[in-house]
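Undergrad: Take this structure first; my questions come after.
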């Protein structure tokens, strides 16, 4: 992706790449498929990030008022959705500010995340009165999970989902290239550094937390003080076991909530730029409305559209958590399909015609591309497997339904309408200076 970004640094990102790599004949269809999987996946990411923050705020309030076993306040699903709406409102307001402000918040977020993670990965295991052994941390599989899954290999495969979910959103660097200096170099650097930092720092954070985990069944139990919110219970119990109260753990959760807040803010930024570029090329309903920019060159309408759609997607949680989980599953699989499509076109249709930019993989580009495509194909199958047994209407993994539904809608809309008027990206902006 970084190599392709270096060749085509535009806000359209993935769908623009697909169009250019496929040529005039197949470009419009490739752009249509990639663009819709990308933008819907991004909206689902924003929904899941901000909804998880709303849930964490609810847990912080619960623990601050005594915990579930101490008569603490447990917010209803309607209160949680109000939290979610308020968070999206703030994110939309912040993203309506000039790009210089967003740059400042981005730098603040990076510093907060890095410093916060290092503090937590040292603090939590240090404060813990009971620590897990290295053997437990590196070799234990939670086969007593209450989900009917006892195969270690199956548990490992399902565990990959959270890693893949975490390692998404790095296309944001591509969507911001039209507001980035030396975009053909700095755009790819943003993609690579986002992954590299996440892997190293994220793994260190997980190590610090898991060394403080000793009783997994209790952490997952809905009867604990955090109501079954495992990470919150870890933090709370670590401080409570040493100091007699969990105030320190609540403060740590507050630090995490700030990090999630910044993540959601950046997600809205990426969403809005994608919506702006996609509508600029006429691919969205009422396109002329969404690609308007204000005096500060901010796509203000696209910002508020992204926040509104993310809120609407979260409303499904009021009716059924199963439906909500199916919708946000597009956040991982849908995005990765969008990531894989231009890479696939790069190593097939454009294998000989692709012109590398300043950042390129040289002779290894095709090999790395095929590995990426095969990996996405593999995880698409794995993440469609059941996550609990026996399989019922409440435990069925609806990911194939959600992703398949999106595919059917996208293809049918192309056949019935878009193929007659969507000609692919019409913009070819030189932003390499």
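The backbone N, Cα and C atoms fix where each Cβ goes, glycine too.
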Undergrad: Check each of the ranges 277-296, 397-416 against TrEMBL and return the one annotated as transmembrane segment.
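TA: So the range that TrEMBL calls transmembrane segment is 397-416.
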Undergrad: Which stretch does TrEMBL mark as transmembrane segment, out of 170-189, 330-349?
TA: 330-349
Undergrad: Which is it, of 141-163, 302-324, that TrEMBL names as transmembrane segment?
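TA: Per TrEMBL, the stretch marked transmembrane segment is 302-324.
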Undergrad: Counting CB pairs under 8 Å, which listed stretch among 75-94, 191-213, 330-349 touches the transmembrane segment (361-385) the most?
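TA: Per the Cβ under 8 Å count, 330-349.
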Undergrad: Look at every Cβ pair spanning the transmembrane segment (75-94) and the transmembrane segment (191-213), keep those 6 or more apart in sequence, and say whether at least 3 of them are under 8 Å.
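TA: Judged by the Cβ rule, the two regions do not touch, with the required three close pairs absent.
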Undergrad: Are the transmembrane segment (243-264) and the transmembrane segment (100-124) near each other by the rule of at least 3 C-beta pairs under 8 angstroms (pairs 6 or more apart)?
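TA: Stretch pair touches.
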Undergrad: Short question: which residues 6 or more past the ends of the transmembrane segment (243-264) have a Cβ under 8 Å from it?
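TA: Distant contacts of the transmembrane segment (243-264): 46, 49-50, 52-53, 56-57, 59-60, 63-64, 67, 87-88, 91, 105, 108-109, 112-113, 116, 119-120, 123-124, 127, 225, 231-232, 234-237.
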